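Q: This is the structure I have questions about; it appears just below.
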């Protein structure tokens, strides 16, 4: 135990030294991404309107994790009607979506940066009775502060890739200090469970992925009908959650597709909606229309640069290319979301973050690397807008089971 404390103390000292140097840059990046300057203090652990009564802290880093956390939040609230759930995220996009999707008695705030002073300020204000982190969010200062205050921590839907485990293994003392302070780790799969145990997690169980318990993404049926009418019989496909470097490949693939389907429509929904204007300028030769400006699709390319509407695009299309998979360093995105709409899913080779889900979907998924491969695969299921949204989600049994395990700590 003393060794673990030394490791975390050293990390804390390092963070205290570095934070003043990077604070201004971190704040500037937050504002540049569209963050509300008045909410920046939340990243420093400051918050107003802290409610009375017990608080359960749930942390999900970004949009995908936040969406999968919602069934868990609802299950926690159902099991503890006297409690509030504080859901924290770190990205501007997830905060925007949270404002539309949060259930009653749940509160959204930005998570504090992993600076000891910010974390201490946050915990002193909110006084959570327990903390639940999703997937792979493991920050030393947060974990050390929870341990010092004897606040139990569960990491649920935990994901630990081989590469991540190898990086943790390069600092075994720090790994034991972090993983050894996790009260309960509920892994997505057996491989993650084995890696977590090897890194020092004391209590590990395999429980599956919360993403499998998520309700289908919401669809505005009036908007869906309007888009379907506007598109008519034109074949369409969607490139969702794309990152820089991927849009060029999918537009090249679209150009190939249009040789045999000259009226085909490609809808690009970038992972970060604020890139819409940038993409419109980059692909100006396509004369794209932007969703953020209220435009409807006219030509061959439409840029869906809004948040919270992926369900709309998935409901229209039979074919979805899922981004974050053709470029290294991202690891893919959640394939269960388009799968819930019975979409044929195209993905690149880099899917470590969701490999279990991609594998489980089997023939629904086609692996692609080049524009030619994307065009060939997309052509297999290309078609006009569907007449029904077709969104079907699994039950929330897993979310209730995970909530029960966390509340038992």
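Keep in mind that glycine also has a Cβ here, set from the backbone N, Cα and C atoms.
Annotations in TrEMBL come from automatic prediction, not curation.
Annotated active site, proton acceptor per TrEMBL: 65, in sequence order. Per TrEMBL, the feature domain '3-deoxy-D-manno-octulosonic-acid transferase N-terminal' maps to 38-212. The site 'Transition state stabilizer' feature in TrEMBL is assigned to 135, 211.
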Q: What is the number of other Cβ atoms found within 10 Å of the Cβ of residue 211 (site 'Transition state stabilizer')?
A: 24
Q: Including all protein chains shown, what's the count of other C-beta atoms within 10 A of the C-beta of the residue listed as 'active site, proton acceptor'?
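A: So the Cβ neighbour count for the residue listed as 'active site, proton acceptor' comes to 24.
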Q: Express the distance between the Cα positions of residue 211 (site 'Transition state stabilizer') and residue 65 (active site, proton acceptor) as a whole number of Å.
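A: Computed Cα spacing between residue 211 (site 'Transition state stabilizer') and residue 65 (active site, proton acceptor) is 8 Å.
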Q: Translate the DSSP assignment of residue 135 (site 'Transition state stabilizer') into the three-state scheme.
A: coil
Q: Just counting, how many other CB atoms are there within 10 A of the CB of residue 135 (site 'Transition state stabilizer')?
A: 25
Q: Report, in whole Å, the straight Cα-to-Cα distance of residue 135 (site 'Transition state stabilizer') from the residue listed as 'active site, proton acceptor'.
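A: That comes out at 8 Å between the alpha carbons.
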